[in-house]
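Pulled from TrEMBL:
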- 509-531: region 'Disordered' (REGION)
- 26-50: transmembrane segment (TRANSMEM)
- 102-120: transmembrane segment (TRANSMEM)
- 132-150: transmembrane segment (TRANSMEM)
- 171-192: transmembrane segment (TRANSMEM)
- 212-231: transmembrane segment (TRANSMEM)
- 265-286: transmembrane segment (TRANSMEM)
- 292-315: transmembrane segment (TRANSMEM)
- 327-346: transmembrane segment (TRANSMEM)
- 352-377: transmembrane segment (TRANSMEM)
- 389-414: transmembrane segment (TRANSMEM)
- 426-446: transmembrane segment (TRANSMEM)
Amino acid sequence: MEEPPAVVAVDEYTEVYRRLPIKLQLFYGIGHVLNDVCASMWFTYLLVFFQFVLEFDHRQTGIILLIGQIADGLSTPFVGYHSDQSDGFWICRYGRRKTWHLLGTVCVIGTFPFIFSPCFGCQDAHTWREMFYYSMFVIIFQFGWAAVQISHLSLIPEITPNEHDRTQLTAVRYSFTVVSNVLVYVITWIVLYVDQGQDSKIGPGDVAKFQHVVWSILSVGIVCSALFHLCTKEEDNGMGNDVRGGQIRTSIADLFRKFELYRIAVVYMSSRLFVNLSQVFVPLYLHSTLDMPASALALVPLVMFIGSFLTSLFIERINRHFKRKMTYSIGAVFGIVAAVWIKFGAGHLYETYYIFAVAFLLGAGGSIVLVTSLGVTTDFIGANVNNGAFVYGIMSFTDKLANGLAVVVIQYLQNDQKNIYFYRNVLTNVCGGSVILGAVALIGWITKDPNEPFRPFLRVRQAIPEGGLGRKAGRLTLITGGVVDQWRALMARPPNPALHALEHKLKNEEEVSPTTTPLPAFRRTSALKGV
């Protein structure tokens, strides 16, 4: 009896897909709660605390925030690069991502309470000595915050290779971010409203109240971080559930040659500018422009993040149905409407009722653009998860540096304390302009293949025989052929971009590797049917 032919495994694979367990999604999501509650206090109440409680000059408060953003921005690529390395240290056996997460958690817990406390031994000291004192804690805190953020983000492409599951994890992560912000604002509202009353303003006597808020939120963050480390497992091979096996690491130089990296950085930076600057300047707008009581500084941001939370529940479905570009555009429209409303909003009805509608739009728009920009980043990383943390570090570097510079420039431009409309103009022009910039950077560009803009140039370069053309002639052919191919692709855009991208990818695989086993017909047919 003739034996059946043996089944030989080649480079082709069949991807067995299963949805991520809900428990895994939840335990992953709570791993960033400590960062979220601290970031909420940092962006929403740092300027308020230093200006109105510690009575620092508004320029000095801007410098404190800038120092923190620079420290965070410099830490993120550093943490990202070293988090991607498979070092042989004994502590890294715990998991290269979770090791950095644990280190960052310790730094955050050990320094954050000192930022919202009086300076010890500085009763008669000069203000600049106090700034040095706070700057030391801020730098260590921001390093720890960056370590937690980058290590937590870089787990997403390792947990799952599926685009929709990555979006779902990002949405769950952002949902816990929103819940964390809501928790901060509820606790702050209770402390300020119950202890002070409805019409009181924030002043130097509120130091103890801010400390109560800080320790309350830190307690929640510590518990969530402990559950994350106990219940979330990091794969030893660094590839998570990806059935495709190991991937060749892309070098840092090749990564910086990819044009999409800079486009994504602009999208992510703009999204973060919109979210963070609205979070920073809404309390100052309420306090200085609308002259609202202290309780409103917690209630209005609370409504803003309720809008974020409700929207985050549907972001994965919206992305699945409308795709990235349209989803981001919807969020941008929400943000632009809110910015215009802030510009022209005035009167009793606006301050009593409409301001909450504006806050809801700000929260919903910020939720959509931020989650979508993170989804675009995970799409760019794709299967190359070995550089995932470094890519997130680059994104975060642009975000933190831009936010810090924006805040310090805005604070320096605030020369006239009597100009009550200053922060209104900031929310309208800066926040509205940033979300427009993100939409412009994203519209007309999204591709499944991160090398797509360079494909024509790479194809021409491969077609030139070595030594067959002079250097100048080779460059001319390279440029001319690439431009012609790009023009043809633009003029003959197919009605189904996803189908075109898949066919283009299959064609390139056959061209680059003509000696390998060709793609079976049933694989090609089933792949095209799934588009």
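Placed from the backbone N, Cα and C atoms, the Cβ positions cover glycine too.
For the transmembrane segment (171-192), same-chain residues at least 6 beyond its ends with a Cβ under 8 Å from one of its own Cβ atoms are 25-26, 28-30, 32-33, 36-37, 40-41, 44-45, 152, 156, 202, 206, 209, 212-213, 216-217, 220-221, 294-295, 297-299, 301-302, 305-306, 308-309, 312-313, 315-316, 363, 367, 370-371, 374. Counting C-beta pairs under 8 angstroms (sequence separation of 6 or more), the transmembrane segment (265-286) reaches the transmembrane segment (352-377) with 3 or more such pairs. Taking Cβ pairs closer than 8 Å, the transmembrane segment (292-315) reaches residues 44, 48, 167, 171, 174-175, 177-179, 181-182, 185-186, 188-189, 192-193, 196, 198-202, 278-279, 282-283, 286, 327, 351, 355-356, 359-364, 366-368, 371-372 in its own chain, all 6 or more past its ends.
Sequence-distant contacts of the transmembrane segment (389-414) (same chain, at least 6 residues past either end, Cβ-Cβ under 8 Å): 47, 58-59, 61-63, 65-70, 72-74, 76-81, 83-84, 97, 146, 149-151, 153-154, 252, 255, 261, 264-266, 268-269, 272-273, 276-277, 280-281, 377, 380-381, 422, 426, 430.
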